[in-house]
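I have placed the structure first, in the form of structure tokens, so that the comments after it can refer back to it.
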Amino acid sequence: MVRFESTDSLMLARQLPNKTVALILAGGRGSRLKDLTATRAKPAVHFGGKFRIIDFALSNCLNSGVRRIGVITQYQSHTLVQHIQRGWSFLNEEMNEFVDLLPAQQRLSTEQWYKGTADAVCQNLDIIRRYDAEYIVILAGDHIYKMDYSRMLLDHVEKGAECTVACIPVPISEGSEFGIMEVTADYQITAFYEKPANPPPIPGDPSNALASMGIYIFNADYLFKLLEEDNNTPGSSHDFGKDIIPQLTARKVVWAHPFDLSCVTSNAELPPYWRDVGTLDAYWRANLDLASVTPELDMYDRAWPIRTHMEPLPPAKFVQDRSGSHGMTMNSLVSGGCIVSGSVVVHSVLFPRVRVNSFCTIDSSLLLPDVHVGRSCRLRRCIIDRACHIPEGMVIGENADEDNARFYRSEGGGGVSDSGYAGKVRGKIEPLGFLFVRLDLLIRLSLLIRLNLFIRMNLLIILTLFFKLASIQASH
């Protein structure tokens, strides 16, 4: 758990959240998640069985004592807005606690949508000023982690910083996917590079680079001045990582905050857990992380609960089918409302209301809400999108050629099906990769399989009649 150096530090850390407003940037499309974000914003994507991705940032705010929160939305926001209204409306407005939705509005002063992360905040400055906060915490709404923001606030105040950026070491091979910083011994940021082609390594640790987590703390008045300057700067992309943070390094007013100082964990022996689930590969792996025997992210820690909208669902059920086969699961997460009948589920995540019929094997797969799996199916290393009905007898993830003809795969950057319905998978997972399956493609496949069964049954009837007639003629 997070530790404080003294009682005075602890007391100050408890006071600072009351002077703070958190702004969660939740308007991104998340195009690398392909069809998972075709109809919903990335922070609204399902995760870990019962949660949405944004629940982690929201829960971190509440658990840290930051109870004034603005959620900035834009792309496909309906699902996200609905989730927040249903699951996060319990804060006490009389105590000045709230989750405020800030959609893109194309105000009179600008007819454009949000042009970047900084512009998303800038276009809401009139609202944010009325919050009357001393400190602004800016968060990405699409990361999976548990963090005590009060500890980062304390670090920000004690160093006298105008801006503080949370940081974490990442493999040098992945550094080009993040904002990378160089720091002094006391973590003052001296240089910042947004997604550099050749990221500089950490001194003394050539295998890692120091990456930004997309978490910023600003003194409120200083942030307002910065955003107004950036808004009037020709050629700016109006982005924190590309424009705001790099210019602050020259002013020597920005510090880094190591994530291990504020990471919340129930097991000090495990490394700090933070995942950017911006690709299907990363999303699939992060979900299955939770199904491991000892996951690095403890979802059962009562001291730091992850809250979400709770649907009134019955418990998951594992039943015996008519043949006597028992439904069973191993190293998996199975959500409320699921029924597994005479099938085996291994190292997988079943989201709410999933139905798995008899004689199926589900291995290393994610079945999103309302998926229905017909009898005798075998699914391996798949992501099955919401409300898909897998037809009886379908096998996915065992034959590379067949999968390439029907779905996008992750092997060698993904195979594109002629139909173009399934979401392309980025990255490579051995040996076969995993597949992303969408409803509209499965409808076509289901019709083909049913037609095939119809032809086979009629052929069997014809052959039976033929042999009967032949036997009658032979008897005469």
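Backbone N, Cα and C atoms are what each Cβ position is placed from, and that goes for glycine too.
Per Swiss-Prot, the features are:
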- Tyr114, Gly179, Glu194, Lys195, Ser212: alpha-D-glucose 1-phosphate binding site (BINDING)
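Location within the structure of each feature annotated in Swiss-Prot.
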residue : record                                   : DSSP class
Tyr114  : alpha-D-glucose 1-phosphate binding site : coil
Gly179  : alpha-D-glucose 1-phosphate binding site : strand
Glu194  : alpha-D-glucose 1-phosphate binding site : strand
Ser212  : alpha-D-glucose 1-phosphate binding site : strand
Pairwise C-alpha maximum, in angstrom, for the residues (Tyr114, Gly179, Glu194, Lys195, Ser212) that bind alpha-D-glucose 1-phosphate according to the record: 22
Neighbouring C-beta atoms (10 Å sphere around the C-beta of Ser212 (alpha-D-glucose 1-phosphate binding site)): 24
Least surrounded among the binding-site residues, given as Tyr114, Gly179, Glu194, Lys195, when other CB atoms within 10 Å are counted: Lys195
